[in-house]
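**Q** One structure follows; several queries about it will come next.
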Amino acid sequence: MIKLLYPEFWQKRNIIAYLLLPISVIYKFLGYLRASLARPIMLPAKVICVGNCSVGGTGKTQIVMYLAKLLKSRNVSFVIVTKAYGSNLKSATTIHQGHTALEVGDEGVILAKYGAVIATKNIKEIVPLLNELKPDIIIVDDFLQNPYFHKDFTIVSVDSQRLFGNGFLIPAGPLRQYPNKALDAADLIFLVSSHQDKIPNILTPYVNKLINAQIVPSNNIDKTKNYFAFSGIGNPERFFATLKNYGLNITGYKIFPDHYNYLQADLENLYSLAKEHNATLVTTRKDHVKFNDLNNNIVCLDVELSINHPDLLNEKIFKKA
């Protein structure tokens, strides 16, 4: 996992991007070698894989949450599999209420509120746990480039602002893989944070499987206060934009690397910054689960997915899955 901020050259090519291209060529070769040598296994239930082509937040977690609520409403049993980013997890584990973000990852702690979740760093380790849980559907979060298991249904999430960045592979660009192959193979494509009717040119060939989606607040926050925002997620700019669109007065902000594990010194610094700005701290749910915020000193903005074509999603999911 790349633990750094999204650099500017990932969005717009400059000399640094071109200097890093030789390493991107090696990355591409290693990915090809990995895929060619892989012997994918069949998991013991139908698999819905949610992923993206690039590094950084594209709304995958919100898509998984939406799917979990949808399956639950249809009384379909499911298990969510998450990668346990930023955790010290050693082997596949079924998440329970007492687990912390450091043990199983921030996404795992959040998703466990929606159903059974297995955290793992090795997809093959989940099979015994799946055999115990016996789900009808397995929702796999962020294993799109993993060639070691069969996928029955794939959803590719695309951020409407960043799209595919500068078009280069890691580390010269943000891409985990070139998008065309993933988009061709996808059953559905979610264009996230899109409030525009115009479809980006690169996605026009896929309009028949394209869903526009917005990340919208799902809880109430006092709009009369000042707020100092911070986050350690893949796309902090979208979080800050959501806060402003919600009508909050943001007096300052601080960005941490994706899946950042906060230290006590970080927390003390944040409280100091908030005091300087005469503001209350506000952050994301992914960040908030990492704090022992017993006194509710940090406001958390919860978000959910709103989509324009729920019928298309229902039709494709339940027809194929």
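Cβ atoms here come from the backbone N, Cα and C positions, even for glycine.
Keep in mind the model is a prediction, meaning the values are calculated, not measured.
Pulled from Swiss-Prot, these are the listed features:
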BINDING   SER54, VAL55, GLY56, GLY57, THR58, GLY59, LYS60, THR61  ATP binding site
**Q** What's the number of neighbouring CB atoms sitting within 10 A of the CB on GLY57 (ATP binding site)?
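**A** Within a 10 Å radius of the Cβ of GLY57 (ATP binding site) lie 27 other Cβ atoms.
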**Q** Taking 10 A as the limit, how many CB atoms besides its own sit near the CB of SER54 (ATP binding site)?
**A** 24
**Q** So, three-state DSSP: helix, strand or coil for SER54 (ATP binding site)?
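**A** DSSP assigns SER54 (ATP binding site) to strand.
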**Q** Taking the centroid of the Cβ atoms of SER54, VAL55, GLY56, GLY57, THR58, GLY59, LYS60, THR61 as the ATP site, which other residues of that chain lie with their Cβ within 8 Å of it, listed in sequence order?
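**A** The answer, listed by sequence position, is ASN52, SER157, ASP159, GLY234, ASN235.
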**Q** For VAL55 (ATP binding site), list the number of other Cβ atoms lying within 10 Å of its Cβ atom.
**A** 21
**Q** Which one, from the binding-site residues GLY56, GLY59, has the smallest tally of other C-beta atoms lying within 10 Å of its C-beta?
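**A** The binding-site residues GLY56, GLY59 were compared, and GLY56 has the fewest Cβ atoms within 10 Å.
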**Q** Near the Cβ of THR58 (ATP binding site), how many other Cβ atoms are there if near means within 10 Å?
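**A** Taking all protein chains shown, THR58 (ATP binding site) has 28 Cβ neighbours within 10 Å.
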**Q** Does anything in the same chain, at least 6 positions from THR61 (ATP binding site), have a Cβ under 8 Å from its Cβ, and if so what?
**A** GLU107, ILE110, LEU111, ASP141, LYS286
**Q** Tell me the Cβ contacts of LYS60 (ATP binding site) under 8 Å, same chain only and six or more apart in sequence, or just say none.
**A** VAL50, GLY51, ASN52, ASP141, ASP142, SER157
**Q** Look up THR61 (ATP binding site) in the DSSP assignment and report helix, strand or coil.
**A** helix
